[in-house]
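Have a look at the structure below, then the notes.
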Amino acid sequence: MSRTDTGAPERATGNAPTDPDRPRRGLTERLLAVRELSLLIALGLLVLVTTVRNDRFLSGQSVKDLLLGCAILVILAVGQTLVIVTRNVDLSVGSILGLVAFATGSLFLSAPGTPWPLALVLGVALGALCGVVNGGLIAVARVPALVITLGTLYAFRGVDYYWASGRQINAADMPPSFLRLGNQTVLGVPVLFLVALVVVAAVGFYLRSYRSGRELYAIGSEPAAARLSGIPVGRRVFAVFVANGALAGLAGVLYAARFGTLDAAAGTGLELQVVAAAVVGGVAIFGGSGSAYGAALGAVLLTTIGSSLAVLRIDPFWQQAVVGALILAAIGLDRLLALRVAARLRGRSAHGA
Amino acid sequence: MTADAPGTDGAPLLVLDGVTKSFGAVAALRGVHLALHPGEAHALVGENGAGKSTLVKILAGAHPPDSGEMTLDGQPLRLRGPADARAAGIAVIYQEPTLFPDLSVAENIFMGRQPLRGLRRIDSAAMNRDAERLFQRLGVRIDPARPARGLSIADQQLVEIAKAISFDARVLVMDEPTAALSGVEVERLFAVARSLCERGAAVLFISHRFDEVFDLCHRVTVLRDGAWVSSDPAADLPIDEVVRRMVGRDVSSLYPKQAAELRDTLLEVRGLTRAGVFTDVSFSVRGGEIVALAGLVGAGRSEVARAVFGVDRYDAGEVLVAGRAVPAGRPGRAIAAGMALVPEDRRQQGLVMELSVERNATLARRRALSRLGLLLGGAERAEARNWTRRLQVKAARLGAPVATLSGGNQQKVVLAKWLATEPRILIIDEPTRGIDVGTKAEVHRLLSELAGEGLAILMISSELPEVLGMADRVLVMHEGRLVRELSRAEADETSIMYAATGQGVTA
């Protein structure tokens, strides 16, 4: 958000709308800001309503649980944003998380003395390796990512089941220093959530401020034009899948640290929640727009809905319905914003004669 | 006025020698020569399909040539991709703008070359300022921070131009950049091109507008059917001669239409207008007649056809079939009235590539073939067999997906689909584009037969020999208007080309 003003008071915008203090930020960025603001408002309303009904919802422990609960989904949603922005999708993240979580547990089981930072690095590396498989298959087979990652969703999970062969790993098998990672707080904020914040900030900053980050948007916005402007489309898409795999690996290690009890089914079905969080957060499913911040807010919102419905003692059945309604509302809002922007731009582009 | 040609005796900047490119069996370029000198504006002219756009793609690094040499400054030039072409200082403005709708205008201009500040971050403020400066140089007002989505075609083209000049390119290639620009904007573009020339760059300018060609360019290269015809100083070349070189070729290889008895007027179009696309288009087609709609790509021919059929809306005018008005924007009603449209883009608009031949052939007739709302295989198959046999579709079996057929046979399936609706009026857009000579002749024979049976046929074609061989009357469009109507006797390649390029037409 460190965007400096160009300082030119009179910008050539033709017949700009009657908006005296027209923000100097670009329309694209303002649109994103509107999108993120609406998520924050929705989140605020939700917390407000829930707190009014039950004041313990904003108690320290409850907030801590909430932050802890959303951290993993936030990391996955941010990774998914990288992929979706390029007009692809990665459905295998739930399976990667499960595989890495189980691998981490097994590592501590077979080599109890392993320092946890090493386990973290190995987990991220295994996730990245899964990403290499995804990215490589997509590059070689030239088949849509949806199909490839649907395949690897089952393949990675299959490997996980084969490896676990019915075993379960318990918290007792893991070193306490590692498990502390999952529960410790710094100034009341869970470490897990801080890790998620760092990921959001890093990816958000990268997507916004680096050439290769902007190229990801270009690829998703118009793949043919991206090729013609010399963007190495194949390489970028491959890298994006590797990065997303690495983030799913990170999420897997954190999952192991948080829950302690691991079997082969960890993270099953998580991929749809992740895509839902990104879409609710304003990441356009056909690529080209959306931000890591939005996706993270989407993940927080979905998690908060889950716990607030529990606090309000609403049938869990409704939770699914509410998430569904939220996705539809998010899409509706995007459409509405797009139409309004289009109308405004039409008014403006009438320059000259 | 033609500027004084800079010395062409000096060393050329960019040379293409014997460049050849084929797509499958179709040879798009056959041994093309081209030499661009520093400070020279060079025009490339030719009919539709003469290979101009392929040449542009090769210069842009988007297609590798099959054979031939390219040199830049005497050094061999090998382009493995668009990035290489950029690095070599070749900037291309494509016919169709290639922008990223979700990104800002400034980002579109500087994609991959954004100005940076500390930590290799993008300096958006500097980027917007630079974009602003480029627009000032072009004398246009576009907000660099707005998204590219929603820009008019002319503005998109201006962004493309800004992108190209931001390179400080040594070679600027412009593929029909002026089609969507107003007179003032064209003048500014030319001023920029001239200033680039003065700095020693070379400009390759592709256009169908001869007044612009002769206004800007020092030399003119003519391409025909993918082959090099000539390169001459513009000052020594009358327009007549350019047209003659563009079209001069043998027409004997085509199947001529059999004379058919003309019946009543079946299709009548009155004052059809769609703002910014076509204006006041009126014509009629009689039963047994083939009327060709000729013109350059982008003249609005396909758009008129789509509007007549009701796929696209129109702002004014009316369409009558056998004297009765057909409502606008209702293709279903047009089909019921006996109209059929065989579109230009088979893959996207005419066929469902994954479905079988028989399904595709009967797609437009589902309702008539269904019993109680169900499509039973027998009726579909019988119908498909009937038409595919008549059109001699070569498919392994009728159940094979259409995607497995050759282009010519795909075209026949599209025809079968529409002929199965037993139309009275057939609108056919580029009936033989991209199909081999043998199938071409078959399609021509078939169209002639259909006209003989009393169908009214409106044929859009960019291939002059086809127009001349098949049409009873030729309507020529230029920039959205019907500018000439030529009888079979009057129509020849020169008269059509003249009208299509806007010569002898008062605007």
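A Cβ is built for glycine as well, from the same backbone N, Cα and C atoms used for every other residue.
Note: TrEMBL annotation is automatic and uncurated.
Look at TrEMBL and you will find A:1-25 tagged as region 'Disordered'. What TrEMBL lists as transmembrane segment is A:32-54, A:66-84, A:91-110, A:116-138, A:145-164, A:184-207, A:237-258, A:264-286, A:293-311, A:317-338.
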Two-stretch contact, the transmembrane segment (A:264-286) and the transmembrane segment (A:116-138), at least three Cβ pairs under 8 Å: no
Stretch of maximal Cβ-Cβ contact with the transmembrane segment (A:66-84) [cut-off: under 8 Å; candidates A:91-110, A:145-164, A:184-207, A:237-258, A:317-338]: A:184-207
Segment-segment contact (the transmembrane segment (A:145-164); the transmembrane segment (A:184-207)) at 3 or more Cβ pairs under 8 Å: no
Tertiary contacts of the transmembrane segment (A:293-311) (same chain, 6+ residues out, Cβ under 8 Å): 32, 35-36, 39-40, 42-43, 46-47, 49-50, 53-54, 56-57, 62, 65-66, 69-70, 73-74, 76-78, 80-81, 196, 200, 204, 273-274, 276-283, 318-319, 322-323, 326, 330
Feature contact check the transmembrane segment (A:184-207) with the transmembrane segment (A:317-338), CB under 8 Å, 3 or more pairs: no
For the transmembrane segment (A:237-258), distant same-chain residues with Cβ under 8 A (at least six beyond the ends): 68, 71-72, 75-76, 78-80, 82-83, 86, 88, 90, 92-93, 96-105, 116, 119-120, 123-132, 134-136, 138-139, 145, 174, 178-179, 181-183, 192, 195, 199, 216, 219, 266-267
